[in-house]
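**Q** Just passing along the structure, written as structure tokens.
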Amino acid sequence: MLTNFSVAHCYAAIVESASAAQSVNRELNCVMVTLSRKFSTTAIPNPSKLLQRHPQTTTTTTTHIFIPFSQLQQRKLFESHLISVLHGCTHLTQIKQVHAHILRKGLDQCCYVLTKLIRMLTKLDVPVHSYPRLVFHQVKYPNPFLWTALIRGYATQGPFSESVVLYNRMRSEGTGPVSFTFSALFKACGAVLDVGLGRQVHAQTILIGGFASDLYVGNTMIDMYVKCGFLDCGRKVFDEMSERDVVSWTELIVAYAKSGDMDSARELFSGLPVKDMVAWTAMVTGYAQNGRPREALDCFRRMQDLGVKTDEVTIVGVISACALLGVAKYANWVRDVAERYGFGPTENVVVGSALIDMYSKCGSVEEAYNIFEGMKERNVFSYSSMIVGFAMHGRAHAAMQLFHEMLKTEIRPNKVTFIGVLTACSHAGLVEQGRQLFATMEKCFGVAPSADHYACMVDLLGRAGRLEDALELIETMPMEPHGGVWGALLGACRIYGNPDIAQIAANHLFELEPNGIGNYILLSNIYASARRWDDVSRLRILMREKGFKKNPGCSWVESKEGIVHEFFAGDMNHPQSSEIKRALSDLLDRLKAKGYQPNLGSVTYDLSDDEKKRILMNHSEKLALAYGLLSSDAGCTIKIMKNLRICEDCHAFMCTASQVMGREIVVRDNMRFHHFSDGACSCGNFW
């Protein structure tokens, strides 16, 4: 048993290890030489021998030995130096050397020093059940801090249940907890997502008393409830705290942002008395991650106006917001901001990788590649971002070439890299090449295919018209397919008009994503293309019963002044609507002269041909194109961003318009980029 292991044995083992070391920590030697001179005449008092029989009497009376104040000061100084030296240890051998001195100087019962020793051992990932626990068991009367050091070790390393066992033993032996005890237990509960145990610990803080107003305990309690998915409980703890700091507020702001509740996050942020960089960054990244890029940029501007310091995380959050907008003006602005704060892409690999992604999503894949080329340091994220950028722009061969260049370096591909190359193969119809990559992922690179990689393969096979192969691949997946997998199959069924397989995919999607209106609309469109109007009617009735409302098509384009103009399908409320309508009518006449005819199949309603033509002419991307032609100089590229997938009619319209107007037109839909030039699209009509 550990408790029977003697101090002598422990000392012998440590001294043996220490003597085998090549050198002793210089700082420790300096301390020992200095203090040994001070203690040359008088030994350090041993706390276990402070109570002893007086040597000059024969009675059994027990008296206290008087210890001069100067000796107590020297002892405290010595302990403080030991703590300092322990704090600087970076290797186990160094800690063992310090431990040997602790034993030699009679401090084997000093909880203050041994607490630091155990904390440093766990910090260096020394298994708690071995050395740290052995040290603990040599102490006859461990204080709450020594108990807590061991509890914290198990809370950090596991098994987490042992931290609870130790807490119970500590209480049964009559030792009361301190605030750090509860914070360690809450961290253990959060790590294993055991809210039941966390509530029991919460109850202990109330029963024992004295911890209700402890700020550190309150913050770790909020963190535990949030990690376990009980945000409301975390908020209740926050509301009942008598004292809060910026950590208390920021924990909940981040939690609300992650849950998608930015309104509650904003409400909390508004009430925060002193807003530091972390709190501002939480709001900026929260807005960006929840698809509210304009609010993210407004928040960042206010942060700058107030002179709040900006770090790398804030900059990456703003870059992410600019990527969502896809507007060149903001892209160039945020790059200037990054460089002004010393986070330029040449030197900073994290910001550089984020800028590659941003420029790719803003339609400037060439600028993204310029940043990639100029980076002094590249990592797997830099390569992956560039490969994904090439893929979304339909430049499959460039993506594959960069992938093979990456393999010649020491950088190994990760799961995102393979999503990029598989997407490139999918968008270019490179079925066999994609299959080979998928087959070698784990075997050659140690990357096990995830459900996302299977979704890429289903998309690859589906776009190539191999719907049965795609369905068979799904049925043989080693994990449960998620919505992305079935969604890829449903999308392929729309392209090739297969309502039967579409029904199979949709049934799974209705279970996995019961509120996903897009799945219902896509299946309805597939039925409409097959002229199965009864099924269309049935689905639309079901959508009405569920209270679904279709997201309107929305496109936006940037004017030469840098102003973003939004257009919704059928909405003619723009100040220049009359000019837009006239320009669109003139363009249509010119396109018809080149052979363009509206694709009435893109309207999935049972309407007259004239009504279908009217609906098609009011699609948001056509309105954005007309405005782009009116507001830009001749020969300039027009970049349009769209929230939904571009329809077949608009795709044909853009192809012909690029030829007639002599302009390059770039459209980013919710799937990829389409570069229209001289009557052709970069996707090769494969989308």
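These residue numbers are counts, starting from 1, taken along the chain as shown.
Glycine residues also receive a Cβ, built from the backbone N, Cα and C atoms like all the rest.
TrEMBL annotations: computationally assigned, not manually curated.
If you look up TrEMBL, you'll see 143-177, 214-248, 276-310, 348-378, 379-413 marked as repeat 'PPR'. Here TrEMBL flags 595-687 as domain 'DYW'.
What's the neighbourhood like for each of these?
**A** Sequence-distant contacts of the repeat 'PPR' (143-177), counting only residues of its own chain at least 6 positions beyond either end whose CB sits under 8 Å from a CB of the stretch, comprise 111-112, 114-115, 118-119, 121-122, 125, 127-129, 132-133, 136, 184-185, 187-189, 191-192, 194, 197, 204, 208.
The residues of the repeat 'PPR' (214-248), classed with DSSP into helix (H, G, I), strand (E, B) and coil, number 26 helix, 0 strand, 9 coil.
Below 8 angstroms of C-beta separation, residues 246, 249-250, 253-254, 256-258, 260, 262, 265-266, 269, 316-318, 320-322, 324-325, 330, 337, 341 of the same chain, each at least six residues beyond the ends of the repeat 'PPR' (276-310), sit close to that stretch.
According to DSSP, the secondary structure content of the repeat 'PPR' (348-378) in residues is 23 helix, 0 strand, 8 coil.
When averaged over the repeat 'PPR' (379-413), pLDDT in the model lands at 94.
In the domain 'DYW' (595-687), helix, strand and coil residues by DSSP number 38 helix, 16 strand, 39 coil.
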**Q** How many helix, strand and coil residues does the repeat 'PPR' (276-310) contain under DSSP?
**A** 26 helix, 0 strand, 9 coil
**Q** By DSSP assignment, list the helix, strand and coil residue numbers for the repeat 'PPR' (143-177), in that order.
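**A** Per DSSP, the residues of the repeat 'PPR' (143-177) fall into 27 helix, 0 strand, 8 coil.
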